[in-house]
Amino acid sequence: MKSLAKLKSEKGIWLHDSEMPTVGHNDILIKIRKTAICGTDMHIYNWDEWSQNTIPVPMVVGHEYVGEVVEIGEEVRGFAIGDRVSGEGHITCGHCRNCRAGRRHLCRNTSGVGVNRAGAFAEYLSIPAFNAFKIPDNISDDLAAIFDPFGNAVHTALSFDLVGEDVLITGAGPIGIMAAAVAQHVGARHVVITDVNEYRLDLARKMGASRAVNVAKESLKDVMNDLGMSEGFDVGLEMSGVPAAFRDMLDKMNHGGKVAMLGIPSGDVAVDWNKVIFKGLVIKGIYGREMFETWYKMASLIQGGLNLAPIITHQFNIDEFQQGFDTMGSGQSGKVILNW
């Protein structure tokens, strides 16, 4: 079958003829329709230090997708041939304390689709049926293909009550922008997002952010004054992984504020812990999506009128994959879809 795989320990990704995946007793086989390029895929493409230490070569990559069930393992219940599905990319062990307590997003033995096992950038994908999520008929293939990163945004944004609150989001990548849209949709008062990429800040404005701030040109404090905010932000969503952005967030938080962190710093981060202590801040780390509460919330948000369509800015056929990766790497895009 046709696939996109990491075949060499160097920058790049290659179109490859891979073997069909096997289907176990508890698995389903999915014929892929659309996939989306993730930041993780870009790390693997660029073959950075994390990728070199994590990704076995060769490896079919990719974990954002939508497709159709074409084969079902003999022990599988609840799925039928023809079901349209996306899926949770974190394969959990099922036997650790957190898994057994229903907190599978905190499994200490997680295996990643397209990272530790064969991924979705292929004509077919086999995953445990437990990890598949049926897509409602009134949600498009395009939106279903980005449910994985949308789930990161939803998990982060809905970690704390946002109704009537002032929200600061640092990092206007696709996930940060979707988090801004979610915060606005569920009733936040002011949603302010920061970055230095004008293309993505403009996209954030289109997605409903109250203010999209280029911190290289504009003071966040001035923006707060313009909005009549005298006490600081109630909720912070750190999506950038940039130490300076996190420190600025802590400085601008109100006393008793709550911070959810999804962005991954490249190294150690120096923090003024006095601000955390004396402001009484709560900081929560976010990894992946809650299984499967986040997934049901995603579908409900879209069915309830949340418009994510503007975040999908480019589409390419799979034979044009190089153009897709170049576009994603340019920083001048939202989500990039590859059609199979």
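Cβ coordinates come from backbone N, Cα and C, glycine included.
Small disclaimer: the values here were computed from a predicted structure and weren't measured.
T40 (active site, charge relay system) falls within a helix when secondary structure is assigned with DSSP. Annotated active site, charge relay system per Swiss-Prot: T40 (among others), in sequence order.
The active site, charge relay system annotation in Swiss-Prot covers H43 (among others), and the record cites sequence analysis as its basis.
Feature annotation from Swiss-Prot assigns Zn(2+) 1 binding site to C38, H63, E64. Cβ environment of H63 (Zn(2+) 1 binding site): C38, T40, G89, G112, V113, G114, V115, G119, A120, D148 lie under 8 Å away, each six or more residues apart in the same chain.
DSSP assigns C107 (Zn(2+) 2 binding site) to coil in the three-state reduction, placing it in neither a helix nor a strand. The Zn(2+) 2 binding site annotation in Swiss-Prot covers C93, C96, C99, C107, and the record cites sequence analysis as its basis.
What Swiss-Prot records for I175, D195, R200, L262, G263, I264, I286, Y287 is NAD(+) binding site, and it gives sequence analysis as the kind of evidence. R200 (NAD(+) binding site) counts 24 other C-beta atoms within 10 Å of its own C-beta, drawing on all protein chains shown.
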Using the recorded Zn(2+) 1 site (C38, H63, E64) as reference, state which further residues of the same chain have their Cβ within 8 Å of the centre of those residues' Cβ atoms, listed in sequence order.
T35, A36, I37, T40, D41, G62, Y65, G89, G114, G119, A120, D148, P149
Round to a whole number and give the Cα-to-Cα distance in Å for the pair R200 (NAD(+) binding site) and E64 (Zn(2+) 1 binding site).
21
Where R200 (NAD(+) binding site) falls in three-state DSSP terms:
helix
For D195 (NAD(+) binding site) and H43 (active site, charge relay system), determine the Cα separation and express it in whole Å.
20
Who sits close to C96 (Zn(2+) 2 binding site): which same-chain residues at least 6 apart have their Cβ under 8 Å from its Cβ?
C107, R108, N109
Rounded to a whole angstrom, what is the C-alpha distance between C99 (Zn(2+) 2 binding site) and L262 (NAD(+) binding site)?
21
